[in-house]
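Quick look at what Swiss-Prot annotates:
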ACT_SITE  HIS188  active site, proton acceptor
BINDING   108-127, 168-171, 269-271, 298-300, CYS316  NAD(+) binding site
BINDING   CYS196, CYS199, CYS226, CYS229  Zn(2+) binding site
MOD_RES   ARG390  asymmetric dimethylarginine
MOD_RES   ARG390  omega-N-methylarginine
Amino acid sequence: MAAGGGLSRSERKAAERVRRLREEQQRERLRQVSRILRKAAAERSAEEGRLLAESEDLVTELQGRSRRREGLKRRQEEVCDDPEELRRKVRELAGAVRSARHLVVYTGAGISTAASIPDYRGPNGVWTLLQKGRPVSAADLSEAEPTLTHMSITQLHKHKLVQHVVSQNCDGLHLRSGLPRTAISELHGNMYIEVCTSCIPNREYVRVFDVTERTALHRHLTGRTCHKCGTQLRDTIVHFGERGTLGQPLNWEAATEAASKADTILCLGSSLKVLKKYPRLWCMTKPPSRRPKLYIVNLQWTPKDDWAALKLHGKCDDVMRLLMDELGLEIPVYNRWQDPIFSLATPLRAGEEGSHSRKSLCRSREEPPPGDQSAPLASATPILGGWFGRGCAKRAKRKKAA
């Protein structure tokens, strides 16, 4: 014993050795119990049965772990309603759309998968592939066009059946579908929009190419400058782990106002794992009886399923096709010649043509726009947005390091 009643250095080392030995014995016992539990009860020896009886706490812990793993696996599985069940549910959804006084639509990556843009948590989603250590690939994002779901939402808004759209997507397809900008809140930004934050109000520049080529998490400058004040422009993307502060195109003010007025919310293609963290979108300050009725279209489990008045297990395009038919509304066909982005876009100034190497959108697929310095149309390598999967990759690295 050291002077003063404390342990000597050799005693502390001996105590540490004993602690480590006990931990290793506990881990070995845990491994033994785990191996036994994987056997069928009839195949266990008497000695193994005795060990399980003596290790009730470990058995309970391992069985709990197994249940949690199975629960997580089930949540990741995609479930499809059979055609008749889906039609029945769509009829119910159509009734809710007709009777809604203020319908707000929340959209996620699942509505753009038909445009060859992967979602995040599906079987081939960005998160899923990164967690498995597999590369993320996609078709060239500049080749993506608004899907049947995008065009249906625009038509519903035109007929005053949808009042506002809140989107997590950065692909700009809602804008390109003809939905008015006042009716969209792109909470995580738009790959076609860069802004000058020095100008008051902020000056927006809509482009016909992906402006995020040089940007990433916490690095938002695009390399171009404001035509008015000369300040460096920045993209509008909100990466995982960032907080969006721009007025547009995030349009949080309109999103929260729409949510506060909503009596019905339709969630399309969103896992809701991010949106659930935005309490302003769910009217959680209201008593449950006064909150909006929730309708969810997703192939997988979402954390809001228990709150939903109806959950439809189906692909967004399939559900929206049935819904529009039930409502007696025609689904407009996307026409590149009428894409609003071309009338909204600010052209590059002289000397800026080489400021990006992304493929530019053009009304005709035959020829690139004049002076375009972007990648050729038949590029063999998919060109992904600077925003695409960046935050995911960063998080995956942190998890691996941990």
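Glycine is treated like the rest: Cβ placed from N, Cα and C.
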Output field, Zn(2+) shell: CB within 8 Å of site CB centroid, site CYS196, CYS199, CYS226, CYS229 dropped: THR197, SER198, ASN202, ARG203, THR225, HIS227, LYS228, GLY230, THR231, LEU233
Candidate with the highest Cβ count within 10 Å, taken from the binding-site residues SER112, SER116, GLN168: SER112
GLY108 (NAD(+) binding site) and CYS226 (Zn(2+) binding site), distance between Cα atoms, whole Å: 31
Cα-nearest neighbour of GLN168 (NAD(+) binding site) within the listed recorded positions, HIS188, CYS196, CYS199, CYS229: HIS188
Local backbone state of LEU299 (NAD(+) binding site), from DSSP in three classes: coil
Cα-to-Cα gap, LEU299 (NAD(+) binding site) vs CYS199 (Zn(2+) binding site), nearest whole Å: 44
Spatial neighbour of SER112 (NAD(+) binding site) that is closest, considering only the recorded positions HIS188, CYS196, CYS199, CYS229 and their CA atoms: HIS188
Three-state secondary structure, GLN168 (NAD(+) binding site) (per DSSP): coil
Rounded Cα-Cα span from CYS199 (Zn(2+) binding site) to SER116 (NAD(+) binding site), Å: 36
CYS196, CYS199 as binding-site residues, winner by CB count within 10 A: CYS196
Nearest recorded site to CYS229 (Zn(2+) binding site) by CA-CA distance, among recorded positions GLY108, HIS188, GLY269: HIS188
Neighbourhood of HIS188 (active site, proton acceptor), C-beta criterion under 8 angstroms, separation at least six: SER167, GLN168, ASN169, CYS170, ILE237, VAL238, GLY244, LEU250
